Amino acid sequence: MTDLPDSTRWQLWIVAFGFFMQSLDTTIVNTALPSMAQSLGESPLHMHMVIVSYVLTVAVMLPASGWLADKVGVRNIFFTAIVLFTLGSLFCALSGTLNELLLARALQGVGGAMMVPVGRLTVMKIVPREQYMAAMTFVTLPGQVGPLLGPALGGLLVEYASWHWIFLINIPVGIIGAIATLMLMPNYTMQTRRFDLSGFLLLAVGMAVLTLALDGSKGTGLSPLTIAGLVAVGVVALVLYLLHARNNNRALFSLKLFRTRTFSLGLAGSFAGRIGSGMLPFMTPVFLQIGLGFSPFHAGLMMIPMVLGSMGMKRIVVQVVNCFGYRRVLVATTLGLSLVTLLFMTTALLGWYYVLPFVLFLQGMVNSTRFSSMNTLTLKDLPDNLASSGNSLLSMIMQLSMSIGVTIAGLLLGLFGSQHVSVDSGTTQTVFMYTWLSMALIIALPAFIFARVPNDTHQNVAISRRKRSAQ
């Protein structure tokens with residue numbers, strides 16, 4: 001990229017900065033949840049909604065981000081995304097109740113939903129096609145550093161300052177990023193077709209109310225009648241979307257996507273698989289602090305081996321899949337992740353803390369292999385005219401399933417535990433043990449889906465073409 005103009009390189013730095021902000025925020029909050037609960041006077045068992053409110057909002061808003069960027073301009077939307085994300089961070093820091101914090105996190109999620117896809121779109125428009133892969137590698141690298149720094153930085157700020165600072169640090173960075181965007185980024189627009197507002201609203205309502213219903217009485221205190229009503233509304237909304245999308249060329253997501261068998265299996269497996277793996281980043285730091293008495297900073301440091309294992313495995317995942325095939329790799333990594341989850345619980349409860357970094361490193365390796373394989377299996381056989389729509393649907397499903405996973409983890413803690421959990425309590429460790437056992441079972445279930453994948457090793461070369469677009 002050395003032959004790119006200085007203005008283009010600065011624009012790539014702005015996009016990279018947005019990727020870093022978004023990825024850092026997805027992990028920095030996890031280690032702060034017990035401290036937030038204490039400060040806000042809430043049970044730690046309710047704090048999963050701090051993550052769910054953000055991730056679910058991202059899932060709901062993702063389908064609109066690309067259309068908005070084409071219609072209004074990439075600079076205007078990227079600037080708006082940074083401003084909303086920064087304002088959300090400010091309101092998070094000022095929150096005095098859990099409900100205020102959830103609303104602020106939702107505002108953050110609106111900004112986060114637009115930041116990454118619009119950033120990708122910006123790179124496509126400002127960089128020559130032959131340099132696109134190198135440019136995307138450059139801008140996504142900070143996004144890989146964010147999860148590495150997030151848990152430890154969050155723990156450090158909580159331990160030596162307060163949880164408010166995990167949001168306050170976004171404000172000066174966001175102001176600088178917003179000014180740089182206005183000054184340096186071009187405002188590319190494109191001719192757009194009419195946005196499928198009806199389909200968007202139906203999907204948004206379906207996803208939101210079903211997730212809220214899943215949290216149910218344990219998380220939100222809803223009555224059984226209200227939960228039943230939410231389930232009915234959610235199911236009706238999704239059925240109406242299917243009827244709306246039938247034979248509709250302007251539908252948000254075409255049902256023609258599901259004529260490709262690998263897409264259908266990959267999407268179903270990705271949805272089920274990420275429900276299980278989405279529990280781990282939430283449960284691990286909470287368990288280390290509440291169940292084992294680790295400090296926030298120590299718990300954050302323990303998450304680093306998992307990220308390192310994930311980053312290291314990405315270098316060889318193509319060769320692994322090409323050698324063994326999708327079916328073997330996905331079934332093995334799904335069952336392997338379930339076993340590693342049980343191994344983590346066992347070593348932790350036995351007090352073998354020195355083994356935990358190695359277990360978490362292994363967990364990161366297995367999870368990374370499964371993620372990359374799921375992503376590329378889903379997209380590799382789609383025709384070119386459906387690839388963009390399929391990628392957008394996969395991105396939405398990834399966020400939705402992670403929010404459901406965190407919701408289920410919080411629900412399991414609520415089912416097995418009391419309203420208040422104390423550190424070093426034998427009862428607390430029993431609650432976490434039952435929760436981890438249930439999680440291991442949920443993580444293993446998608447193996448039944450992946451067992452139906454054709455083991456067509458000779459087609460796996462497509463992973464190298466699709467890998468980056470799916471991440």
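Note that Cβ sites are derived from N, Cα and C of the backbone, with glycine treated the same way.
Quick look at what Swiss-Prot annotates:
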TOPO_DOM  1-11  topological domain 'Periplasmic'
TRANSMEM  12-32  transmembrane segment
TOPO_DOM  33-48  topological domain 'Cytoplasmic'
TRANSMEM  49-69  transmembrane segment
TOPO_DOM  70-76  topological domain 'Periplasmic'
TRANSMEM  77-97  transmembrane segment
TOPO_DOM  125-137  topological domain 'Periplasmic'
TRANSMEM  138-158  transmembrane segment
TOPO_DOM  159-164  topological domain 'Cytoplasmic'
TRANSMEM  165-185  transmembrane segment
TOPO_DOM  186-196  topological domain 'Periplasmic'
TRANSMEM  197-217  transmembrane segment
TOPO_DOM  218-224  topological domain 'Cytoplasmic'
TRANSMEM  225-245  transmembrane segment
TOPO_DOM  246-262  topological domain 'Periplasmic'
TRANSMEM  263-283  transmembrane segment
TRANSMEM  286-306  transmembrane segment
TOPO_DOM  307-341  topological domain 'Periplasmic'
TRANSMEM  342-362  transmembrane segment
TOPO_DOM  363-395  topological domain 'Cytoplasmic'
TRANSMEM  396-416  transmembrane segment
TOPO_DOM  417-430  topological domain 'Periplasmic'
TRANSMEM  431-451  transmembrane segment
TOPO_DOM  452-471  topological domain 'Cytoplasmic'
Stretch in 12-32, 197-217, 225-245, 286-306 most in contact with the transmembrane segment (165-185), if contact is a CB pair under 8 A: 12-32
For the topological domain 'Periplasmic' (307-341), residues assigned helix / strand / coil by DSSP: 31 helix, 0 strand, 4 coil
Positions whose Cβ lies under 8 angstroms from the transmembrane segment (225-245), at least six residues beyond its ends: 198-199, 202-203, 205-210, 212-213, 216-217, 251-255
Feature contact check the transmembrane segment (77-97) with the transmembrane segment (396-416), CB under 8 Å, 3 or more pairs: no
Number of helical, extended and coil residues in the topological domain 'Periplasmic' (186-196), per DSSP: 0 helix, 0 strand, 11 coil
DSSP-assigned states of the topological domain 'Cytoplasmic' (33-48) in counts, ordered helix, strand, coil: 12 helix, 0 strand, 4 coil
When counting Cβ pairs under 8 Å to the transmembrane segment (286-306), the leader among 12-32, 138-158, 197-217: 138-158
